[in-house]
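**Student:** Encoded as structure tokens, here's the structure I'll be asking about.
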Amino acid sequence: MSEYKYCVGIMSGTSLDGIDVALCKIRGSGLDTDVKLIDCQTYPYPTNLLCDIKKSLDLSTSNAQLLCSLNFKLGIEYANAVKKLVAANNLNLKDIAFIASHGQTIYHQANNERGFIKSSLQLGDAATIAYECQTTVVSNFRAGDIAAGGDGAPLVPYVDYLLYRDKDKSRALHNIGGIANTTIIPKNANIDDIYAFDTGPGNMMINRSMEVLFNQDYDKGGDTAAAGIVIVDMLQELLDNPYLKQKPPKSTGRELFGINYTDKIIAKYKQNKPEDIVHTLTIFTAQSIVRAYKDFVFNKNKLDQIIFTGGGAYNKFLIKTISDLLDVEVLTFEDIGESSDAKEAIAFAVLGNETLNKSYNNIPSATGAKSRVILGQINFF
């Protein structure tokens, strides 16, 4: 097998909780991929940049000038994050073979409707990152899948298959970021056996309620939710969301479960205690995940374990609620000796490596694409 090379994966998700940057060593490709995490850090967005991102997400405050400028501001910020992590590990930028950057999702149009076609926009100019870091950058991963008729999401299942398949255990890898998504990997699977989809909201609605009601970024450990009780009418309204009944492959985003929707729910039930609203949103998130397994997975596959990753894996109340509702072993990434925070940044490093090796790196059964394609666009340096 080839020698290890240093690479960096960058992920900034819909939770807007910062820039996850993973410094890795990688060699091989495809089923022979061998990747080792050296270090991963999350760098918070500067306040003014976070403000610009939030403006760009709201149709009432977004505009072309803002998006144009933000694209390059994010490129500079991502490059600065890479420089910090590389220096902290006593390496030089010239040691880095490539960077793979997902970018900051601004809008994800999952369906053709009202004259709009399937599309997805991630900002964070790759040419700027390449110039600032003096290395090759792979970016814009979702476009290739959308061009092939897919949703452009979820993309991480390909990496889940490469790194976490098992000949004896059927498992699901479930990421709880802003949106929650699952990858189903039957035991002894080949790539055509894999399927994946977005189950619904992850941290998105919980985080927004904490911001509005408690002026906090998130519910640490789920402590606020644990102090509340269910608002029955509110929970039923949330569970009636049509997305939960939609069959996979499917994907969603803040367009459906973001600020506008969450704020309407909070306003409608504002006469209730704040902790009860957070509790109910957390129960809804848990039940949307559980329903996804009961409606779309268990009738096809008997799972031995579900492994949770992402920021939501640290919400103890959320994970316990899910575990109590499922008759299957529930683990977090930390339980298997890995980092929930680092998983998606590592995944995009692997996807970038596949791109540079000219390997197909989408899974049509997950995204709905007509065929397998090579994802990512390359800025050589």
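Cβ coordinates are placed from backbone N, Cα and C, and glycine is handled just like the others.
The following feature annotations were taken from Swiss-Prot:
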BINDING   Gly13, Thr14, Ser15, Leu16, Asp17, Gly18, Ile19, Asp20  ATP binding site
**Student:** Which entry in the list of binding-site residues, Gly13, Gly18, has its Cβ near the fewest other Cβ atoms, using 10 Å as the limit?
**Tutor:** Gly18
**Student:** Taking the center of the Cβ atoms of Gly13, Thr14, Ser15, Leu16, Asp17, Gly18, Ile19, Asp20 at the recorded ATP site, which other residues in this chain have a Cβ no more than 8 Å from that point?
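**Tutor:** Other same-chain residues near the ATP site: Met11, Ser12, Thr42, Gly177, Gly178, Gly311.
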**Student:** Restricting to the same chain and to sequence separations of six or more, state which residues have a Cβ under 8 Å from that of Asp17 (ATP binding site).
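**Tutor:** Asp17 (ATP binding site) has long-range Cβ partners Thr42, Pro44, Asn203, Asn207, Asp217, Tyr218, Gly311.
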**Student:** For the binding-site residues Leu16, Ile19, work out the Cβ neighbour count at 10 Å and name the residue with the minimum.
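**Tutor:** Checked Leu16, Ile19; of these binding-site residues, fewest Cβ neighbours within 10 Å: Leu16.
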